[in-house]
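Student: Not my notes, these are from TrEMBL:
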- 12-28: transmembrane segment (TRANSMEM)
- 58-79: transmembrane segment (TRANSMEM)
- 91-113: transmembrane segment (TRANSMEM)
- 125-146: transmembrane segment (TRANSMEM)
- 167-187: transmembrane segment (TRANSMEM)
- 207-226: transmembrane segment (TRANSMEM)
- 286-304: transmembrane segment (TRANSMEM)
- 338-355: transmembrane segment (TRANSMEM)
- 586-604: transmembrane segment (TRANSMEM)
- 616-637: transmembrane segment (TRANSMEM)
- 651-695: region 'Disordered' (REGION)
- 652-695: compositional bias 'Basic and acidic residues' (COMPBIAS)
Amino acid sequence: SDTEEIKKPKQKSATVCGYPISIFFIVVNEFCERFSYYGMRAVLVLYFKYFLKWDDDLATTIYHTFVAFCYLTPILGAIIADSWLGKFKTIVYLSIVYTLGQIVMAISAIHDITDTNKDGIPENMSFHVALSMVGLSLIALGTGGIKPCVAAFGGDQFQDHQEKQRSTFFSIFYLSINAGSLLSTIITPMLRAQECGIYSQQKCYPLAFGVPAALMVVALIVFIIGSGMYNKTAPQGNILVKVCKCIAFAIRNRYRHRYSQFSQRTHWMDWADEKYDKLLIAQVKMVVKVLFLYIPLPMFWALFDQQGSRWTLQATTMDGDFGLLTIQPDQMQTVNPILILVLVPIMDSVIYPLISKCTGVQAKIINMLDRQVDETLTNKMIYELLTFSILQAEEDYMSFDGRFALEFGGNVSPVSLKNGSRNTLAIIQDGALPRHLEFTDITAKPEQGANAVRQVFFNGYSSILNITTGTLDFGSTVKNKMSTYANVPHGEAKFHIKDNAGNQCDYSLTLGFGSSYTLLIPSTFKFGTNCEKSINTALDIKPNSFHMAWQIPQYFLITAGEVVFSVTGLEFSYSQAPSNMKSVLQAGWLLTVAVGNIIVLIVAEAAKLPDQWAEYILFASLLLLVDFLFAFMAYFYTYIDPAKIEAQFAHSDPKDKEKKKSLEMGRKDSDGNSNSDRKSSYTSHNEKKDVQSRM
């Protein structure tokens, strides 16, 4: 039976170069799973913004809600594995849930499913939103549930004499995590940038989600193939559950004895003495002492995890031209894992107090960047002058509010504009008299770094004109009527102008990222040599002038902060934790990540600040306040030696044992479960690396 199988002691498995063959299946599984998760997450906020058509605040809120759940569910996964199914079955079952979630996400991104009129726009967006939420819920349950199990399960494959090999395994395991995340954040944005579809070609989110789904299928299959080679240990009870029960009993008992007639006790956890072992109470005291220091930590993760939301959205308004390469906004996230691989070995020689200040500095850099980006988003009316067939494109913007009039030689032409609107005015000759035309401009930057281009030709030209560029067709033009905007990609755009007689004129325009232009074809336009010289362009919205490379300093600073923060924080926690409760502190550490993401979604929804840079200032101020709070708390912290404290309770009174029968399982763990202690050690060691590199 399964029970008999998992109770068997460790058997010596086949090895290669001194390593159990089974670990190779686990490493491949981890690489594929991390590729799947980070690949999907890299494009997620852009999927919300451009496919589901959510605004930046809602996209940020849902993104961080998802990440928060991903770091809440590890607690559930650990309880299931340690108390019920065991690690192997937990990984398999939750990986199936995980795989289904990735497949559902890929299906939700297929626009053709509800595109009944075949125009590239889904008619039933609620259907896609519902599928997305189901998919993300399954993914959060799956990825979070297996997080505390895979590394520990890998450690279970080694014999007691293989400490060196086990240490090397965790280094390889750590490398697979970073390799998977690095490759996925490079590849999936490239897949997203492709165009695909049955009826119309759109950004290929189905492929960007589909490849991670396929990798998750591979991860599951590879893990199951190695089933016969694994050492599988029996569930031995979850220490986290015991700790929570002990704390809950102490609180309830203290509340029942809150009146003055009851004698006071040194520590509030001492109120658990009626039911729980003194050793367990002492261990819980040590854990609670460290958890108290965790209170300010979520603020760091609140800033850190914005790399996948606010920072990516910021990159969409920047210039991604790197010469021979065009970088997608979501590919900027690759800077983090690259810097981790560089900084981790270097940080040992850097003074920690100096580096710890970097996070507050990076928030200020983001603020400066965002204010520079805002300058490319003008909100004025463009004034174009076409008088007596002579086109003069004014370089300066002119602001007008409400009603005014244009006067031409005694003839008055009234103009009525809505306050805050963006318009192009063209003055044309209408017979013997001039008159003006009004065209409404685009009100926001084009999506995904594209360039919005429209065209108009003015009366006096006798033939219908057709304008195309690449696969885009503006259609046949009508005089004095503006065409709709069409999104033209970055680079050199060539516009082909034809008339009914087959005459052709080619006009070239170099386009950056996120600009908007109006092509103005005057009545004096003629085909032939230098025909393009009579065509004029009006700039509606300036291209993104601030380069994405300016994000690298903020990535450097936040990554430096991550490495120092995670390594020192987890090493401190590990040194201050009881031998059998290191996993409890790991759960507490992951919980700070979840709370940090909850802070972001609260600020995004509740603050409602008018400008994005103001939100960055808010986060920087909050983190600075938290820094002072944490420094104050740390100043009064007294270091302890958990081994010495535990040694004081090594020999308990037999009567005390009999009195507290409910702790029989806890005593069994502490007396005979050396494997559990080792598991806690290498689980902490690995999760420390996982957190510091890819949290």
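Note: Cβ is positioned from N, Cα and C throughout, glycine not excepted.
Curation plays no part in TrEMBL annotations; they are all automatic predictions.
If you look at the structure here, what lies around each of the features I listed?
Tutor: Remote same-chain residues near the transmembrane segment (58-79) are listed as 41, 44-45, 48-49, 52, 90, 94, 136-137, 139-141, 143-149, 238, 240-241, 305-306, 308-310, 313, 583, 587, 590-591, 593-595, 597-598, 600-601, 604-605 (criterion: CB distance under 8 Å, separation of at least six residues from the stretch ends).
Within the chain, the transmembrane segment (586-604) has long-range Cβ neighbours (under 8 A, six or more residues past its boundaries) at 57, 60-62, 64-65, 67-72, 74-75, 78, 147-148, 240, 287, 290-291, 294, 297-302, 304-306, 309, 569-570, 573, 615, 618-619, 683-684, 687, 691, 695.
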Student: Relative to the transmembrane segment (167-187), which of 12-28, 207-226, 286-304 accounts for the most Cβ pairs at distances under 8 Å?
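Tutor: The listed stretch sharing the most Cβ pairs with the transmembrane segment (167-187) is 12-28.
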Student: Looking at 91-113, 125-146, 207-226, 286-304, which one has the highest count of Cβ pairs under 8 angstroms to the transmembrane segment (12-28)?
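Tutor: Comparing 91-113, 125-146, 207-226, 286-304: 207-226 has the most Cβ pairs near the transmembrane segment (12-28).
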Student: Apart from its near flanks, which chain residues at least 6 from the ends of the transmembrane segment (286-304) lie with a Cβ under 8 angstroms of it?
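Tutor: Residues 243, 247, 269, 359, 362-363, 558, 561-562, 565, 569, 572-573, 576-578, 581, 584-585, 588-589, 591-593, 595-600, 603, 619, 622-623, 626-627, 629-630, 633-634, 637, 640, 642, 645, 695.
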